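A.B. asks: Reproduced below are the annotations present in Swiss-Prot:
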| type | residues | note |
| --- | --- | --- |
| BINDING | ALA165, GLU166, THR167, GLY168, SER169, GLY170, LYS171, THR172 | ATP binding site |
| COMPBIAS | 10-21 | compositional bias 'Basic and acidic residues' |
| COMPBIAS | 509-531 | compositional bias 'Gly residues' |
| DOMAIN | 152-327 | domain 'Helicase ATP-binding' |
| REGION | 1-37 | region 'Disordered' |
| REGION | 504-529 | region 'RNA-binding RGG-box' |
| REGION | 509-547 | region 'Disordered' |
| MOTIF | 121-149 | motif 'Q motif' |
| MOTIF | 275-278 | motif 'DEAD box' |
Amino acid sequence: MSSYGGGYQRESRGDSYRGGHDTGYQNGNGYSGGYSGGGGYGGGYGGGYGRGGGAAGGDRMSNLGAGLKKQDWDLDSLPKFEKSFYKEHPDVAARSEREVEEFRKKHEMTVQGRNVPRPVENFDEAGFPQYVLSEVKAQGFERPTAIQSQGWPMALSGRDVVGIAETGSGKTLTYCLPAIVHINAQPLLAPGDGPIVLILAPTRELAVQIQAEISKFGKSSRIRNTCVYGGVPKGPQIRDLSRGVEVCIATPGRLIDMLEAGRTNLRRVTYLVLDEADRMLDMGFEPQIRKIVSQIRPDRQTCMWSATWPKEVRQLATDFLNDYIQVNIGSMDLSANHRITQIVEVVSDFEKRDKMIKHLEKIMENRSNKCLIFTGTKRIADEITRFLRQDGWPALSIHGDKQQQERDWVLNEFKTGKSPIMVATDVASRGIDVRDITHVLNYDYPNNSEDYIHRIGRTGRAGAKGTAITFFTTENSKQARDLVTILTEAKQQIDPRLAEMARYSGGGGGHGGYGRWGGRGGRGGGRGRGGTYTASNAAPLGNARRW
């Protein structure tokens, strides 16, 4: 395979190549062994994960990548590869500049860069091959989201792309579908080859969500993938990498572990995605990202996605992308999703539990509702979860000190509605993609307004409406002005005490109590799961069931 010459057809990726093996979810994300033969929630998770290192909450940050050799790239000697696949549909070409401008304005879309392709208005105009198109239509999507309308032509053109859009805007498919087209145009993997597509994500939860999309839409092409993240044993991930995968979705720390150990390499990567780049920088991953990118050929195609566009992310784009084109959906100012009703209550710490219970009573009157509660620390997350469970509410918590199999189980219980209340720290604020969350409750206000936007963005997704309830104390008064600005922009009601705080840094106080819930027989709560869960999630439900 001396040349990366163009024109490789999907049919060439046939049975002789893959033998029908698709890794899908078989790489240690918590489901492949966990639910089989375990008799419910107990046996399945008991073994195989004991050495996961989940107590550290994720990837090590110290001196990662020191063992990676600096690459000296000679572009003339590198094999050629295909990356430009976009052919403008006649209907797109026929639209006037004014029509294009009106479409972008209607969808709050701005573009920057040289020769940005026009947006598409339906799936057929995107120019995807039939095997991709049929997968999309089989999922029941009616039309592209705003980011997809503009992002697909950009990514398919082979250009480097920056996309700025709110969480829940459909950005994952915006880069996943072009990635599938890109893979199918490349030569088949040879033994010892690393992935063709590398997707870097800040959290394990987000990495697993991305893998689900890739698995769904890459099935017909038999594209193999693996998810590489910390907090679980390396064995299944190493096996996937050694067998060969076209797509690797990874958190930076664990990927560097694999590279340093020689378990994979990035020599074949020609399509690089940095998802939630702002969050990766917030979490301190910049040195690791730079080390990883140094191992990838510089003429690759790079797509960077972010919810915000601070100067640190702009610098990353300048360093990693060449002649990039950019699409922004919505205002570039810090703003909240306008489909979310924001309720901010000025309270004291003593009032929080009582007010939380009163809100939950109202929220859980509708049995299909789901509420995500954010706390400022892992300790408070566990305390609140224990308090709620003892009072009869089927709440579970998720944070970085819980081992991966427990986090996966909690997330699944929440997704399926078996436990419709989940308590989380900010580790979950971007990594969790549960589309039908109806309510977010900020028990503790986050450290900055960006995290507030991302937290409440867990609700009101995919065109739905949502409600965000926030407890704000005098300790948060320094952030009152920013919060009032966000509320004003979204035309929300503002508590007079919050407005006063924004001007003078004032605040108020009160007292605690309990509430009611309502009984869902046969659930069993935190009991009978083999003792593999942390104390807060294993706390028995109180006798007065609330749901």
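Here the Cβ of each residue, glycine as well, is placed from N, Cα and C on the backbone.
Keep in mind that what you see is a predicted model, and the values were worked out from it rather than measured.
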A.B. asks: How do the residues of the motif 'Q motif' (121-149) split into helix, strand and coil according to DSSP?
C.D. replies: 16 helix, 0 strand, 13 coil
A.B. asks: Taking every residue in the motif 'Q motif' (121-149), what is their average pLDDT?
C.D. replies: 89
A.B. asks: I'd like the Cβ neighbour count for GLU166 (ATP binding site), meaning other Cβ atoms within 10 Å of its Cβ, all protein chains included.
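C.D. replies: Around the Cβ of GLU166 (ATP binding site), 19 other Cβ atoms lie within 10 Å.
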A.B. asks: Using DSSP, tally how many residues of the motif 'DEAD box' (275-278) sit in helix, strand and coil.
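C.D. replies: Result for the motif 'DEAD box' (275-278), in helix, strand, coil order: 2 helix, 0 strand, 2 coil.
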A.B. asks: On the three-state reduction of DSSP, what should I expect for THR172 (ATP binding site)?
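C.D. replies: In the DSSP reduction, THR172 (ATP binding site) maps to helix.
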A.B. asks: Are there any residues in the same chain, six or more apart in sequence, whose C-beta is under 8 angstroms from the C-beta of ALA165 (ATP binding site), and if so which?
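C.D. replies: Set apart from ALA165 (ATP binding site) by at least 6 residues yet with Cβ under 8 Å, we have ALA146, ILE147, LYS171, TRP305, ALA307, VAL327, ASN328, ILE329, GLY330.
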